[in-house]
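Feature list (source: TrEMBL):
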| type | residues | note |
| --- | --- | --- |
| TRANSMEM | B:26-47 | transmembrane segment |
| TRANSMEM | B:59-85 | transmembrane segment |
| TRANSMEM | B:105-124 | transmembrane segment |
| TRANSMEM | B:131-153 | transmembrane segment |
| TRANSMEM | B:173-198 | transmembrane segment |
| TRANSMEM | B:230-249 | transmembrane segment |
| TRANSMEM | B:261-278 | transmembrane segment |
| TRANSMEM | B:285-304 | transmembrane segment |
| TRANSMEM | B:310-328 | transmembrane segment |
Amino acid sequence: MTKLTGMVSALALTFGLATSASAETSMGIVVKIGGIPWFNAMEDGITRRAEELGVTAEMIGPVSADPALQVQAIEDLIAKGVDVIGVVPNDEAALEPVLQKARDAGIIVISHEGPGLENVDWNFELASAEGFGEAHAKLLSDKTPEGGTYAVYVGSLTVPLHNAWADAAIAWMAENRPDLEIVGDRYGVAENVDDSRSTALDLIAANPDLKGFLAFGSQGPIGAGRAVEERRKTGEIHVMGPFSPGQGRKMIHSGVLTGGFMWNPAQAGEVFVTLGDMLVRGETLESGMDVPGLGVIEPDADARDIITDNLLEINASTVDDLAEKGL
Amino acid sequence: MSDTRRLPGLKGFKHLKTGGPAGENLSLLVMLVLLVVVFAIASPRFLTGANLGSMGFQMPLLGLLTLAMLAPILSGGLNLAIVYTANISGLTLAWTLMQFGGPEAGIPAFILGCALAVIVGALAGAVMGGVVAYVGAHPILVSLAMMIFLRGLGEFLTRGGDISGFPDHMHTLGHGSVMGIPVPLILFAVIALGWHVLLRRTPHGFSVYMTGSNLKAAEYAGLNAKRTLVLIYTLSGVLCAIAGILMAARFSSVRVGHGEAMLLITVLACFLGGIDPFGGHGRVAPVILALVILQVLSSGLNLVGANQHLSTAVWGLFLIAVMVLRSGQIQRYIGLLSRKDT
């Protein structure tokens, strides 16, 4: 028993010191899963911004991406009596009852990547589907001054977000660059490196005037890039799309990959704290306001959505920093 | 936990072998009190109604699943399919409610849905029990196969999405309180009591323990061990179904995979509660104490703002600590016993 007592008191000492006074604004942000680079970066953002504003904010990252664990974490936060609960949902529907409970208890609820949630004060996004697709289309247009053809990848034909990006990109290209034509329809291969590579090899062989790949899906740019490298078409065929900076770092530096866009999880973490602090102080969000981290906002008051385009470009000068952060 | 206090309770070897139920409860109770004191000091909010209520809402789901795991372990097996059985049962309820208009579905529709859910859960359990008993396959393999089957079936039927939009009266089941006591907790208390009575006070319960200790001996002694196994897995399936119904009410939505993370925690709770991993020994009460301890640890660490991964690490440490503690007790018992014999 003494061993046990020792252990418990050691625990008490460790955590007893961590508790703080409850007079100031306190926030708890529940993310999809803890311990992965994306949400570690978000936690950094949360901590940094909380220090700047002089509020208490903690991030809770469940040990697995199970909505049941998110519900429990939110219930604990309600019991703790925080002023603001932030959430990046695993499953929107499963969180509605507990978020309603939180709002009934007078807690402000903010979500990120949860556009369908109803029981929230505000949901914010750092990238709109149109903005994200168009940014990639513009990049392609900049890199290929002369006409030709280009191919579009999506992760899978049933991924709604990827297809929304592709729709926006194709529409922008059709309007602004009629001389650059799309090859076939979009290809649902971008969640697999090998499929992306072999499809790219076929496309390069079949279309001598191919100028670029728009690959939406994390493995698409990598696979297409490898095909371009194998065919020694570096510089002639441009590959762009969102991908993991750590994975694509070398290919960016060798010029096989042109680049792409992502949004910054650390910035999302900061925005959680900024918005929470504003709402606790009773400020209302209005069209045209300049919110740090979001820029000038145009909130959709009916859907409770704030959608902005705060894209982070992945290119030769930014990729190393992003990769260092483990993204 | 001094020896003098224990001595009067020692009546013979059989009593010792069943683990000294009072002692089992006591050591867990001491641990629980310690934890509560520690967290109450660490966070002024720990002993508030809000936090206790929050724990009362969280524990029953894990509790029901743990009870569903408990009985198969007592019979010398394991049921790895508990979470997916719960999911499939929840889907049955959700599907029934959808047939009666989703949010507009009345209480009768809900009752029908629950009945169907329980039937589905029982069926899944009965199939597992049947294969374990009559084919003689290992319960781990059988329940693993059932788990994969149910998961695949559920994902096929829902295409991985969720069903949501339930009537308001279900909200009461998942989030309501009666005289300040959370409804899920009341449900859990009633079922746990029933489970305790079933295992300790009925012939069926007796035969579960005997089958768990030694299947062959139980058969030679004239117990219908095969029927016992089928029945125990069926009842385990029924409990999963109830957990599935509660899960649907708590989340207002059903999806295959909700609650996946709880599977191994139920095993942890069983072993923390002194259930013999090889079957035949263990009681409901210490397991419930173990559940309370896990919940106190989880909510307490959340309250003081500790990392979630740390709290799972602490759970693991506790399991190890408990095992060390127990082995010490066992050695002492053996020492006492040999002294008595000589």
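Each position is counted from 1, following the chain as shown.
Heads up, the Cβ atoms here are built off N, Cα and C, so glycines get one too.
Annotations in TrEMBL come from automatic prediction, not curation.
Since we're looking at a predicted model, the values are computed, not measured.
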- Message: With a cut-off of 8 Å between Cβ atoms, can you find at least three pairs linking the transmembrane segment (B:131-153) to the transmembrane segment (B:310-328)? Only pairs 6 or more residues apart in sequence count.
- Response: no
- Item | Recorded stretch that, among B:26-47, B:59-85, B:173-198, B:310-328, has the most CB pairs under 8 Å to the transmembrane segment (B:230-249) | B:59-85
- Message: At a C-beta cut-off of under 8 Å, are there same-chain residues at least 6 beyond the transmembrane segment (B:26-47) that contact it? List them, or none.
- Response: 1, 272-274, 286, 289-290, 292-293, 296-297, 300, 303-304, 318, 322, 325, 329
